[in-house]
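*Asks:* Below you will find the structure I want to go over with you.
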Ligand SMILES: O=C(O)C1=C[C@@H](OP(=O)(O)O)[C@@H](O)[C@H](O)C1
Ligand SMILES: C=C(OP(=O)(O)O)C(=O)O
């Protein structure tokens, strides 16, 4: 088990151009490359454990993956292989859920499994709507828990109103819709991240977005391959935005970050709390990509109850900003946090209390009374976002974080970047 020891930092001014590539887009690059009949070209694919698992699965399904002058070439098979081994999604909910939708509609028998954390995460949110259109899917507890077994088959078009604002549910259903005979309709209660819609449209799928309603028209011919450079992940970049926002006198410029509005809401919250943030768009070819500059300014408490799906992964990190702010901050409508890599409401609250912060826990969120963070020894609970959030808190008060291998799932060079800000080590 690896432990980080983070020492308090003094004011810093840094430009960081090595933020990990976007995890959501990387997973989709690997899976969506199977939808074309020609090789996809992907630059800057995330070399994290989650996305490497997805790439391995794509290979087990028959694709070949080669590196050519820094560019990854993913050549899809003529026909998907039926792998003799189970498909290991590691720690990744995105991989398991998107692959459920994709494989349910393809010929063959497939078994998806993952690590102990993934094995505890709910899958009926995907299995049930897919079953209602004819899919053969099963798993422990009637398909709620992995391992998940899938016998792929022709599915019927759907009109599905999802009760959850989840891009993973939406993406699984849209992937299943690709092979249906008629157009399918998906409705979500709140807008979730829209990479699947953007990338499928870019590959030639006719997709119409009207508010919370997406209509997908099944393509009649194979899709165009991808040719894409994955931008830096705003969810990973946010840890260093937080660092600049809580270490007095600091400034950071985060380079080449994805600026998709469904992904940068946490930066907007930090701005509302008082941080000085500017965005410089550098590229707009596929998605808006650019630099985010964050300067320290005293933070004020904030109430969050809207656009929660747009900042769901950043809430543990925002909780550290709440602890450093003047006044009370509150998050509501975020019960999805309870079914991530850990129960992120319980784990954030437990760790903040160890740091001497007054916190109240609710079923769908928590309330933090801003105060003085105290040095503590905390656990990651096997959750990369909890580990990184409390490592950044350590820049203010010093921190020991146990069980930090999980950071490798999404941000393998996190520790190297942190070491540039403070005297941090690992044992
Ligand atoms: O679609 C995606 O790439 C993701 C969607 C989100 O999950 P939900 O859509 O289930 O909320 C997010 O938490 C996850 O890190 C990545
Ligand atoms: C929830 C996350 O990912 P996933 O659902 O893919 O495990 C995350 O990265 O915070």
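Every residue number used here counts from 1 along the chain in the order it is shown.
Positions of Cβ are set from backbone N, Cα and C atoms, glycine also.
Any TrEMBL annotation is an automated prediction that lacks curation.
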*Asks:* The phosphoenolpyruvate site in TrEMBL lists 23, 93, 121, 168, 385. Which one of 344, 353, 360 belongs there according to the record?
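*Replies:* For the phosphoenolpyruvate site that includes 23, 93, 121, 168, 385, TrEMBL also lists 344.
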*Asks:* To the nearest whole angstrom, what is the C-alpha distance linking residue 121 (phosphoenolpyruvate binding site) and residue 168 (3-phosphoshikimate binding site)?
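*Replies:* Between the Cα atoms of residue 121 (phosphoenolpyruvate binding site) and residue 168 (3-phosphoshikimate binding site), the distance comes to 13 Å.
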*Asks:* If we check Cα distances from residue 385 (phosphoenolpyruvate binding site), which of the binding-site residues 24, 166, 168, 313 wins as closest?
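*Replies:* Minimum Cα distance from residue 385 (phosphoenolpyruvate binding site) across 24, 166, 168, 313 lands on 313.
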*Asks:* Just checking: which of the binding-site residues 28, 121, 385 have a C-beta under 6 Å from ligand 1?
*Replies:* none
*Asks:* When you look at 23, 93, 121, 168, 344, 385, which the record names as binding phosphoenolpyruvate, what is the longest CA to CA distance in angstrom?
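*Replies:* Greatest Cα-Cα span of the listed binding residues: 19 Å.
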